[in-house]
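Engineer: Handing you this structure, nothing more for now.
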Amino acid sequence: MEGGPEAASKQEFTEFWKRATSSPYIMRLALSAGIGGLLFGYDTGVISGALLYIREDFVEVDKKLWLQEVIVSMAVAGAIIGAALGGWMNDRLGRKTSILGADIVFFLGAIVMAIAPAPWVLVVGRILVGFGVGIASMTSPLYISEASPAAIRGALVCINGLLIIFGQFLSYLINLAFTKTPGTWRWMLGVAGLPAVVQFILMLTLPESPRWLYNQGKENESRKILEKIYKADEIEREIKVMREAVEQEKQVEGLIGQTLGEKIKAAFSNVAIRRGLYAGVTAQVAQQFVGINTIMYYSPTIVQFAGIASKSTALALSLITSGLNAVGSILSMLCIDKYGRRKLMLLSLIAIIICLLTLTGVFYQAATTAPPIDNVDTLSFGANATCQAYLDAPNVSSWNCMKCLKAECAFCANTRGNHLPGACLAETKEVRVVCGEQKRVWFSDGCPSKIGVLAVIVLGLYILAYSPGMGSVPWVLNSEIYPLRFRGICGGIAAVSNWCANLIVSLTFLSLIHALGAPGTFLLFAGFSTIGLVFIYLLVPETKGLQFEEVEKLLQKGFNPCGCTNPKTDEEKASTSK
């Protein structure tokens, strides 16, 4: 399916249950391929908790924010490469072989991460699993869609999406399970290799995509597979559809060329396709610049910024983000065809902006009400344990916990209560142990705050605002806004734009926190979200209920957000005929 999975209707789900119960083979096929989605979800979620313990084992990672960002974001960089090469692999080697290759790479990456003796080896492992994720993220839904009965295709492809969310939820549970185990983060990251092994074994027992086989001229093999999937009276019709699709693709290649450069040039020379790309790429980039993956990759760290120091508590609260993400995805399935794509994204962005502004206020309040530093208590630990910047400061009476943390030191809370004056100490493992031996809580990422729980609640509301609209709609929009002849190349451009925006956000988040503070960082994302709201309002048309041909006509005519019609320019008239 060239442009991505189509949304499933209620009728499809009814038919789905009938087919699944009468033919378990179909369900086995979808679940086996859908494990690729689970790997995708697990990898995006597991690093958020593992990072807390990686910092404990590697002092240089704890001290260097850029290294933490690299460890997190290199999986995204690997995914960009995997997604870019995945299209070639799918066409040249087949869908099944591509999934098997992704499993091998992912398993190797998981092993490399689990045994990593140094941070740079961990980075290599992250790139490998990212490469596997990039291939699987585009191949699994493609394989399911091409090897599924047309009547229930949308419902089966939704399994991949649900397994992505389940993978994220599972990663948080695994993180919690290994918090007290020797090796902590090594187990968290290494366990990811098990689903890859399971999928590899299952896929060996499954056939290649019948559509890919037919496209390779292997019609008899394709028919044998279709006989296992389709009812007897549906087989000939499906073969006819595949034959027509293959013939149409060959005609398209003759019109726009076969090389990547020729296809891109043809896309941008057509005003309707160009406008479609403006809309599709805008939606994909805005999806990332609202800051969603700062929550998915760094949620335990953000919870600690809010003043909740316990790692296990931070991990437990991170389960909320995954659970609410699942709820939001279900809401999206219920609302997208009722309210439309454009309206759902605009409403989602408005709610996101409100949540981000609220988070800005919460973190600002937490910073301004941070407990003060007790000079006597601080000096009682000895000069070697005291924060050097504090010792050199001319006016220590103005210091509080937040100023201590900004000086790259840590706050050892008062034994009588975290919100009382405490000690500002050097952020070393030895001093942290001494603080813990006195039954005191160690704060190195955020200060004690009475409103920390409020930040967690607002984060949950942010997920609920994001998931039904900006979470899923950009992918649906990009699957239907381009004509068939350009759907593959334009969908690829939009997807790579999404991954690149993801990389920028995940690679800079901790540095932004260090430079601007948590309030300034979330205010910045609120600003990006506002810009996204304006551009989506101006550039993205409503595609609900429109056929592909109607969408193309709408883009050729020129979309006007106020509902007015624009006269065509001479350039547009000329390009329309292309």
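Quick reminder: no glycine exception, Cβ is built from N, Cα and C everywhere.
Sharing the feature lines straight out of TrEMBL:
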type	residues	note
TRANSMEM	29-54	transmembrane segment
DOMAIN	29-544	domain 'Major facilitator superfamily (MFS) profile'
TRANSMEM	66-88	transmembrane segment
TRANSMEM	100-121	transmembrane segment
TRANSMEM	127-144	transmembrane segment
TRANSMEM	156-178	transmembrane segment
TRANSMEM	184-206	transmembrane segment
TRANSMEM	277-299	transmembrane segment
TRANSMEM	314-334	transmembrane segment
TRANSMEM	346-367	transmembrane segment
TRANSMEM	451-477	transmembrane segment
TRANSMEM	489-516	transmembrane segment
TRANSMEM	522-540	transmembrane segment
Engineer: Please compute the mean pLDDT of the model over the domain 'Major facilitator superfamily (MFS) profile' (29-544).
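Structural biologist: Mean pLDDT, the domain 'Major facilitator superfamily (MFS) profile' (29-544): 84.
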Engineer: Look over the recorded stretches 66-88, 277-299, 346-367 and say which has the most C-beta pairs under 8 A to the transmembrane segment (127-144).
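Structural biologist: Result: 66-88.
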Engineer: Can you tell me which of 29-54, 156-178, 184-206, 277-299, 346-367 gets the most C-beta pairs within less than 8 Å of the transmembrane segment (489-516)?
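Structural biologist: The stretch I would name here is 277-299.
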Engineer: Where else in the chain does the transmembrane segment (66-88) make close Cβ contacts, counting only residues six or more beyond its ends and a cut-off under 8 Å?
Structural biologist: 43-44, 47, 51, 54-55, 60, 98, 102, 119, 122-123, 126-139, 297-298, 488, 492, 495-496, 499-500, 502-503, 506-511
Engineer: Sequence-remote contacts (6 or more beyond its ends) of the transmembrane segment (277-299), Cβ cut-off under 8 Å?
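Structural biologist: Tertiary neighbours of the transmembrane segment (277-299) are 44-45, 47-48, 51, 72-73, 168, 267-268, 314, 317-318, 321, 345, 349, 352, 356, 459, 462-463, 466, 470-471, 473-474, 477-478, 481-482, 490-491, 493-495, 497-498, 501-502, 504-506, 509-510, 522, 525, 528-529, 531-532, 535-536, 539-541, 559.
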Engineer: By Cβ distance under 8 Å, which residues at least 6 away from the ends of the transmembrane segment (29-54) in the same chain are close to it?
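Structural biologist: Contacts with the transmembrane segment (29-54): 61, 68, 71-72, 75, 99, 102, 106, 119, 122, 126, 129-130, 132-133, 136-137, 139-141, 143-144, 147-148, 156, 159-172, 174-176, 179, 184-185, 188-189, 192, 195-196, 198-199, 202-203, 206, 229, 293, 296-301, 304, 311, 314-315, 318, 322.
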